[in-house]
Amino acid sequence: MKTTDPGPLLRVRNLTVTFTERRSTPWRRPGAVTAVNDIDLDIEPGGTLGLVGESGSGKSTTARAVLRLVRPSGGSIEAAGFEVGSFGRRVPIAYRRAVQAVFQDPLGSLDPTKVIGDIVAEPLGIHFGLRGRERDKRVAELLDQVGLASHHGGRYPYELSGGQRQRVNIARALAVEPKLIILDEPVSALDVSVQSQVVNLLEDVQERTGVAYLFVAHDLAVVRHASDRIAVMYRSRIVEEGPADRICERPAHPYTEALLAAVPDPDPARQRLQRERRRELRAAAPAAGPRPATGCPFAARCPHRMPVCAETFPGWTPVPDGGRVACHLFGGEGTARPSDTHPDYQETSR
Amino acid sequence: MSEVKVPAAAVSGRSGSRLLSRLVQQRATLFWAAVVLLVVLAALLSPLLSPHDPLKGNIREGLLGPSADHWLGTDKLGRDVLSRLLYGARVALLAGLEAVGIAALIGIPLGLLVGYLGGWPDRIAMRIVEGVMSVPFLVLAIALISVLGPGLTKSMAVVGVVYAMTLLRLTRGQALAAREELYVDGVRVAGAGDRRILFRHILPNITPPLIVQVTLMIAGAIIAEATLSFLGLGVQAGQASWGSMLSDAQASIRESFFLALPPGLAILLTVLAFNQVGDGLRDLFAREAKGGSLGVNPVHHESGSGQPPPPGLVAADPLLRVRDLTVSFPQPGAGRVTVVQGVSLDVAKGEILGLVGESGSGKSVTAMSLLGLVPDPGRVAASAVELDGRELTGLSFEELRKVRGGAIGVVFQEPIASLNPAYTVGDQVAEVLREHEGLSRAQARARVVELFEQVHIPEPDKRIRDYPHQFSGGMAQRVMIAMALACRPRLLVADEPTTALDVTVQGQVLDLLLELRAETGMSILLITHDLGVVADVADRVAVMYAGQIVEGGPTEDVFRRPAHPYTEGLLASLPRNVRRAGRLPSIPGVVPPPSAWPVGCHFADRCPYARPQCLETPVELSARGDDRATRCVRAGELTLAGVGDVPAAGEPLPPAAGRPVVKADPPLISTRIEKRP
């Protein structure tokens, strides 16, 4: 089960996840929906990969496949030395120690009938057999690490604020000292003023413990701040991948460009430019229809679409300054020339 | 329909004590619980309470009426009816407990297991359950007892097995739903095995409905015992049971009709009590799960301070004029808690006003209260709410409803949840038109197609026949907007209209709002937490924090040079698509609950510039320049950082981006910058 080959902490190859639809009538064959289609991902130890996409893009399904909460229908996932595909119904407890998760809904992911102290203590009992005073001491340490006071241990989840609940989820994930934490939209349910507190906390934790993150989110601006590299997903496919700053300043794929143009900016002057860009991109594209069976999933919305786009999914083309793109615009030319329309995004945040 | 959240403080407190305090309010349930307790006591203490031996009697003293010695008289064999009744309570309860105990021991674990595992064990178990439950219960029990032979223990065991099927089905359904909950994924990832997930996590969470069902089942089992004993299949001859007493009474009904009354009433009252307690528990748990929902609550008139609000919140030609709006909710043990405090604002004709704030700021409650849509215990008052010169305070809900349907259109956050899944979208929009404009069916239909065209729904004449689930989120929001536009409103209230949508779709919906405003000249009150959305479309902005407006003015000015530290903190902590330098700035702490709002500045405990004087007295909104307002005592001395570094024409450069500049003393926390290694 353990592989000896050293390499990235997470290596996903050709991952495909297919869900069977409910039969509409008993005599009809149930349809299948491909939520994740032939994707590759790598995360180095201590690194952060941002996985960004809109609802229905398959980003959360990817995260759940790595956690073995859904069963992949093809491809391989190697994480922290484990071959996830070889797991049966029972996932080895050692894998649960290596790979942890924080989910989007901070309240829903906590058992409403348990107090915070017991929630954080649970993995300590399961994995290390800690009991009594020793366990309480560790719980207090963990709560302190995520910025909660020890008196929070006696509260129920509904008595805490959204940000505090997410801190509890992070404390529980940290309890087993994992190598990789899957963050599935960890801040999107939080208030703006609290979002950045949690992102900063995640960074502190990473600096201190060297844990790696798979940061799944729909908000490109948040992902850019939290990640070293970004993979952009659209309708089950990864369409572009590369260093975070390159993706956000010089996107190569037309979808990444559309996504960037849609990120609202609080600076009204910049937002006016954003709106112009948004309208230009949309002017050329009709609304998205049903997912095509073949070809590029973005073709229907793409302002640059060509006949070939409807036929085959493009192969990967390397992009200067890092990463690669899957788009016919760049096919066959050796390297892609990414769009240069975002010089102002090189401005530094305050 | 979207829900207006009741402030967390109004429902806080330990779950146990909360349930208890609510139980105290359910007087009827308490009464019936006392009856149950009485029956239990009678059963437990029957040897002490009984004046006579229930099994022995003097046949010569048979069929006596009530007397001092025999309060309820005697039966045909001269046995004391009161004593038999008390001992009968013991038999009834023991029989009930036996049957329900067996049902729980079999039904709950099996139900948990098959619900959690699913697949073939589930299918097999459910077929068996359906088979057993398709046979009438009494027929089945009698058939089995005739095989096993009569006897109370045996017959109640049979009843228990039949009841186990009901409990199995209920538990299975609950477990099936619970296993999809996110917290189950949470503990699974934490390393919990199946047994731990089932018994430590799922079982405690599904206990409330099981308690209700078990309570109701005890009532059923008591009736079953009485029925079986009446038929001679339960207790052995001579033993005291309410059922066998009824049977005896029937035998001597010609001599004494009174004999049937005590056991009959005992059964009636006990069963009624258990049923009432079960129903009471169900209500109790159900209310626990339910949050506040849309209520009907007109705006009361109350004279306010009379002071005009500062510039920045007023408009020269207002369509909507709100003065001193206050919303309060009752809080257990703490009187009333005011969640919106003295909000005054104007929306000019053709203007988009952004009302921005985090959760708990009161922005949604503010907007919903204007429409009379605040959950019921809430109280809304204002010195003035004028729409196009018409005073809305003091109107009845019915009058307010007419205004709302005609002059005000509303768009909510969850477009698909706001539509009725059982009707086509075309019918739903047409209904609004026929109700408010009195159009005929054909006219309404034509107008719906027109409206759908206006909001750019492709192929409108085809799509009006579709159901809500056939629409994507963005298209459903267009339907909602079309519905809001149906009666050509002067004011559109949009409550987080793009929050549930994907970011690329959000842009399209905002573009649509801008386009519609240009076409129709309507005003829009846009409620959102997203400063980017406000920057995109709002002409003016009002920032709310903890129930108060803390800053107001033209959007561009406010965002470039905020005049309140909260606005500065919000702008700084918003992640933007720019290259990062060090940690994200953030505002420390959280929005306090309404019950914890201080007398002075509500933001003081999170403010990097706070001074003792901030907490002393309530802070009023003050004018800043001729088109701005801020609620900060230090507004005059602080120079706060906003977004952007390009000054508008003719204005001086704002202070160095990224660093709040404070005269006199340095900033304490929050927006400091640390270089990452």
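Cβ atoms are placed via backbone N, Cα and C, with glycine included.
Automatic, uncurated: that is what TrEMBL annotation is.
Taken from TrEMBL as is:
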DOMAIN    B:89-278  domain 'ABC transmembrane type-1'
DOMAIN    B:320-571  domain 'ABC transporter'
TRANSMEM  B:28-49  transmembrane segment
TRANSMEM  B:91-116  transmembrane segment
TRANSMEM  B:128-148  transmembrane segment
TRANSMEM  B:210-235  transmembrane segment
TRANSMEM  B:256-274  transmembrane segment
Is the transmembrane segment (B:210-235) packed against any residues at least 6 beyond its ends, judged by a Cβ distance under 8 Å, and which are they?
91-93, 95-100, 103-104, 108, 137-138, 141-142, 145, 150-152, 155-156, 159-160, 163, 166-167, 170-171, 174, 241-244, 246-247, 263, 267, 270-272, 274-275, 277-279, 281-282, 285
Short question: most Cβ pairs under 8 Å with the transmembrane segment (B:91-116), which of B:28-49, B:128-148, B:256-274?
B:28-49
Within-chain partners of the transmembrane segment (B:28-49) [C-beta distance under 8 Å, separation at least 6 from its ends]:
83, 86-87, 89-90, 92-94, 269-270, 272-274, 276-277, 279-281, 283-284
Distal contacts, the transmembrane segment (B:256-274) - CB-CB under 8 A, six or more residues away:
32-33, 35-36, 39, 63, 65-66, 72-73, 75, 81-82, 85, 88-89, 92, 215-216, 218-219, 222-223, 226, 242-243, 245-246, 248-250
Looking at the domain 'ABC transporter' (B:320-571) alone, can you tell me the average pLDDT?
89
